[in-house]
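Novice: Structure provided below as structure tokens; questions to follow.
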């Protein structure tokens, strides 16, 4: 399926975006190995998260999925209650699922194979294989990419590990393995990354130690069931935040969005560019802060993106580059080589698409330079990347003509009702089927 977006006369209204994808992954995983029943409200029923649910069910976890209410009811099997799955666990398109499950499965008393779709089978896994091996895990793979064969070792040993780059997925993988390790596992990161795993461990009553740069867990503890309500995903909200910011006449409100400080890079950067964004009605539930976000149209200016904001914005850069494309002046983004090993090479995909829409965009080995200009209509390829597809749908709200985006099926991995909500606030997006994603 492809998308076609035509220029908007302005966005308006109030919407609630679906539950946070990162928190959904972690919540169901921890609930599955907790003792007792956990109800998860606001679970994201996207393909990536449902792949995690399926994997846990295949290992004996009882998970009732109430899809139309976005609710899971999880009967935890306890720390030692998982069973060997009957076949390889398919993580679909989800890098988060395969990396979190690798940490969980490294300390089990059985062997497992983790695999995924063709995109996932190109994603780098050396970053988790090396530290897990230091803990005593044995993992076979060809070329350090999936499929991964994990030979479970219930006698893992805790380690002190310095992450070479800020990565919430790697950090979380090692913390999960640390739950099953003898002694203490401590992870030090060079810059803050999203901390949902740490917050959820606390929510499930697991003791951990944390300072400014390090987080430690000791093995042998227990998780206790605890109901959780998942806030809206700021990565999904970001598409509407940018669309309203760049489209004249816009004013929208996004309700109950997660505003974890480790995820606020997109708001911080847009404000640096001149955006009119107001965050109100702060509450905190299940250790996670939530708020309403009001956005009005504003004229933007290009900026040099500070390195300390990169880990806080890593998933939102595709749509942030759309904002940069219509800002006055030049925007420079560096230190984001990680974007080249996402679902697709996001640097190359964004530069290619922006150039096709008339924007001067230059690819760097670790980033991009964009000279703000006027978006023209045209056709771009999402390269089967959900965030690229939605970013260019946002571009179409301000382009001089229709923007057509090819190969958008993977939007279902993170935002199944994107088109519905986009049209509700006036973005004029429609799905089109046919050759080449149209």
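Just so it is clear, glycine is given a Cβ too, placed from its N, Cα and C backbone atoms.
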Novice: Looking at the 3-phosphoshikimate binding annotation from Swiss-Prot, with 21, 22, 26, 167, 169, 315 already listed, which candidate in 138, 149, 330, 342 is the matching residue?
Specialist: 342
Novice: Fewest other Cβ atoms within 10 Å: which of the binding-site residues 123, 387 wins that one? Let me know.
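Specialist: 123, out of the binding-site residues 123, 387, has the fewest neighbouring Cβ atoms within 10 Å.
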Novice: Select the closest residue to residue 22 (3-phosphoshikimate binding site) from the following recorded positions, measuring between CA atoms: 123, 315, 346.
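Specialist: Closest recorded candidate to residue 22 (3-phosphoshikimate binding site) by Cα: 315.
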Novice: Cβ distance under 8 Å to residue 315 (active site, proton acceptor), same chain, sequence separation 6 or more: which residues?
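Specialist: Residues satisfying the criterion: 235, 387.
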Novice: What is the nearest of the binding-site residues 95, 123, 346 to residue 167 (3-phosphoshikimate binding site), using the Cα of each?
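Specialist: Closest by Cα: 95.
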Novice: Given the binding-site residues 95, 123, 346, state which is nearest to residue 169 (3-phosphoshikimate binding site) when distance is taken between Cα atoms.
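Specialist: When the Cα distances are compared, 95 comes out closest.
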